[in-house]
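Residues or ranges marked as region 'Disordered' in TrEMBL: 151-180. The compositional bias 'Basic and acidic residues' annotation in TrEMBL covers 166-180. Taken from TrEMBL, the feature domain 'Small nuclear ribonucleoprotein Prp3 C-terminal' covers 205-266.
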Amino acid sequence: MKECSGLNCKERLRLEIEALRCIFTEYSDEFILSDDFTSWIINKDECGSASEGSFTLRAKLDSRYFYSTQLFLKLTINTETHYDTGPIEFRVVSDEASVPFFLSDSQCSYIINEAKNAFVRDSECIYNQIIAAREATELIVKDLPPDNNYPCSNEHGGEVEEDDSDNHLSSDEELERDSKEGSIWSISNISNNGLHKTITWGMRACYSHHIRSKIKRKLICEWARELSLGGFCKIGYPGIIILEGPEECCLEYTRRLQRLRWKHFVVRGEIIDEISLIFNKEGKVDLDSMRKLPERMIELPPEQMKTLAKYCDELGIKDLFLTTMKIYSK
């Protein structure tokens, strides 16, 4: 958003913070203003605040608890220069001031740098900076054990009801659990009572408005490897993912991708077949012998859309590729 006509920096900042307080659920400690910042927001008389100048706010980076604490991004904002410089100080904290002992300096710096990089001069982008910091945090804490003695909060600010069944795990816990199950997940459902079996084999063509985020690009490749999937990912505008593997894994893979934050993401094409397979002497399935696409996810640069189209044509899946452009064969 560019500068609003007739509004100075302080007026714009008040409006931006008030909008953020509506977006985030302050009563669940998701977005916390310092007391003097709250007073400044409420006080419309700009000359009436004794603490005019710089204020702090904290935004929750993850709904889970780690070692009995939660993570926050603490921003210090100058009311005079904010839209020229952005926040004047960034800190990753576990409460109002403490640095989380379980994160290294380099990990905290990574989160902070991602937030800084989301700043656009003369724009209302505190929200984008918080989201960038959250995405960076998600990548860093994925291997940390969450503290199950504390309930997670859902996106609306309420507590997630506790239940003994796996169906009631939070989204982050599900992703953590699924990533640990890895490539054997699809094979574990196949009985090894004989040599010749069939498996439901899937292919997908996914379209995204763009694929730029380093975190998304990393997850696209990591999750494909974990779920025994292979194919191509063309980054940039638009983002295209062509993949294949066990149908159960294709479903799980696209489910995970759809739970990330996208401007636009959709599965536009699919092929599902029953394919014969052979177990080796160790009782494992040779999935790679059934593939048309590469056995791992190959990332292609933004300018190689024609290269991807050529690959798909040569592999006999041109019609699947064309679905990404909303061209469907009869």
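Just so you know, the numbers here start at 1 and follow the chain as drawn.
Every residue gets a Cβ built from N, Cα and C, even glycine.
What TrEMBL says about a protein is an automatic prediction, not a curated fact.
Averaged over the domain 'Small nuclear ribonucleoprotein Prp3 C-terminal' (205-266), the predicted model reaches a pLDDT of 93. Summarised by DSSP class, the composition of the domain 'Small nuclear ribonucleoprotein Prp3 C-terminal' (205-266) is 25 helix, 21 strand, 16 coil.
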